[in-house]
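What follows is a short report on a single structure.
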Amino acid sequence: MSAKKPLALVILDGYGYREDTASNAIANAKTPVMDALIANNPHTLISASGMDVGLPDGQMGNSEVGHTNIGAGRVVYQDLTRITKSIADGEFEQTPALVEAIDAAVKAEKAVHIMGLMSPGGVHSHEDHIYAAVEMAAARGAEKIYLHCFLDGRDTPPRSAENSLQRFQDLFAKLGKGRVASLVGRYYAMDRDNNWERVQVAYDLLTQAKAEFTAETAVAGLEAAYARDENDEFVKATAIKAEGQEDAIMQDGDAVIFMNYRADRARQITRAFVPGFDGFERAVFPAINFVMLTQYAADIPLATAFPPASLENTYGEWLSKQGQTQLRISETEKYAHVTFFFNGGVENEFEGEERQLVASPKVATYDLQPEMSSPELTEKLVAAIKSGKYDTIICNYPNADMVGHTGVYEAAEKAIEALDESVGKVVEAIKEVGGQLLITADHGNAEMMIDPETGGVHTAHTNLPVPLIYVGDKAVEFKEGGKLSDLAPTMLSLAGLEIPAEMSGDVLVK
């Protein structure tokens, strides 16, 4: 068997591009190798943050998201962005689980109950999603639309619910039907520590309108809670009904849509609506059509509007199906990223996949050893390139990220210089065997060590672009405007392999 000429992807973790050289450890370090590559080789910048990697607009990237996107060859949307995007695209209102539950309630002249954390916090839920659900129920002909508001005050300021409640009172006035039916703090409705007596307060409010307090409007109910010195999180069960209105309780045949997308604080209250529940004695147990926005737990037998997205034909899986060999190699700090996250959350190796782990140094903080284990990692990587065993090699160097996180500028420069030396040896080995190499990053970090706004030490990731450099014999010209999810299709193209249909990323080579 002839020796393989590998295609290697080297991910310099935390190695972003920033024009401003102030407090920029990457620009100011002595990097003769990277300077020569950028002067002489095909290169471009690609996006590694925000919507381009499935995060909210403007949000900095991170290693988990970055490697997931690189390995998937498509943008992998986080729940918040996935649902927000579905609303913008008009797909939300066609979601089968929601359509079925609402239509069944409308047909039987029953109520549609929508509940969730009423907040723009974006951690467990987003009120924009709840707004879309109310509009959808109204558009599909629901006459009784009852909104049950769990109040936040943890991911938002402690007393900030009034704007949200007013927004929904205005929406119901505009629709001419529906109303806010109840208020309760997340302390009760969203417990996650088996404090079932708290959850029971919320359950009894939803199913019996059993409440310590009542109010004619949601805003009036909130003002009364503030007068009792209860912040949003701790607002006691409050039933909302004006004179002459019936209790807005969950009854047989009603639809109930739970609009939280984060599972950990949604599970307990949801389990209270499932047969066989024993957390507390339920005075009533209505036969409702309950829809979870996302899957809160695999063992909860209820409909899910947005089931977990399983990633078929990630880069590693696809290479395996083509009978190709691949190596994943990094030091401890980023080993999970080039294996588990790169494989789309799959723990086990694919056939033909090998893994090598180099131990990260045992130091209190990495500014004390900015080169980390790059010499040992490079030695193993060069040996793998020259071994002729692998079609593809994926390697992550953690230095720019891990030393960037320490905030120690001089150490970050040293980390970048150690990386440069390592990259030089890798480039040499690739040229020697006639292979191909792509150098990139998963997100930025070390290019901004001082926060330009505050003047304080900047230890976080950035939302800046990252480099993409090609080394090899092919006449490559890169397109502009790429992103991390374009790397897998680009690599398959460079290797002369077919690209699976699931990979919606672009090939960045013209």
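Heads up, the Cβ atoms here are built off N, Cα and C, so glycines get one too.
Taken from Swiss-Prot as is:
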type	residues	note
BINDING	Asp13, Ser63, Asp442, His443	Mn(2+) 2 binding site
ACT_SITE	Ser63	active site, phosphoserine intermediate
BINDING	His124, Arg154, Asp155, Arg186, Arg192, Arg262, Ala263, Asp264, Arg265, Lys334	substrate binding site
BINDING	Asp401, His405, His461	Mn(2+) 1 binding site
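Known features from Swiss-Prot, placed on the structure.
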residue	record	DSSP (3 states)
Asp13	Mn(2+) 2 binding site	coil
Ser63	Mn(2+) 2 binding site	helix
His124	substrate binding site	coil
Asp155	substrate binding site	coil
Arg192	substrate binding site	coil
Ala263	substrate binding site	coil
Asp442	Mn(2+) 2 binding site	coil
His461	Mn(2+) 1 binding site	coil
10 Å Cα neighbourhood of His461 (Mn(2+) 1 binding site): matching binding-site residues from His124, Arg192, Arg265, His443: His443
Residue among binding-site residues Asp155, Ala263, His405 with Cα closest to the Cα of Asp13 (Mn(2+) 2 binding site): His405
Residue pair Asp442 (Mn(2+) 2 binding site), Asp401 (Mn(2+) 1 binding site) - Cα distance, angstrom, rounded: 10
Which of His124, Arg192, Arg265, His405, all binding-site residues, has a Cβ with the fewest other Cβ atoms inside 10 Å: Arg192
From Arg192, Ala263, Arg265, the binding-site residues whose CA lies within 10 Å of that of Asp401 (Mn(2+) 1 binding site): none
Cβ atoms near Ala263 (substrate binding site) (within 10 Å, other residues, all chains): 18
Under 8 Å by Cβ from His443 (Mn(2+) 2 binding site), same chain, sequence gap 6 or more: Asp13, Gly14, Gly16, Ala48, Ser49, Met60, Gly61, Asn62, Ser63, Gly66, Asp401, His461, Thr462, Val466
Among Asp13, Asp155, Asp401, Asp442, the most crowded of the binding-site residues [Cβ within 10 Å]: Asp442
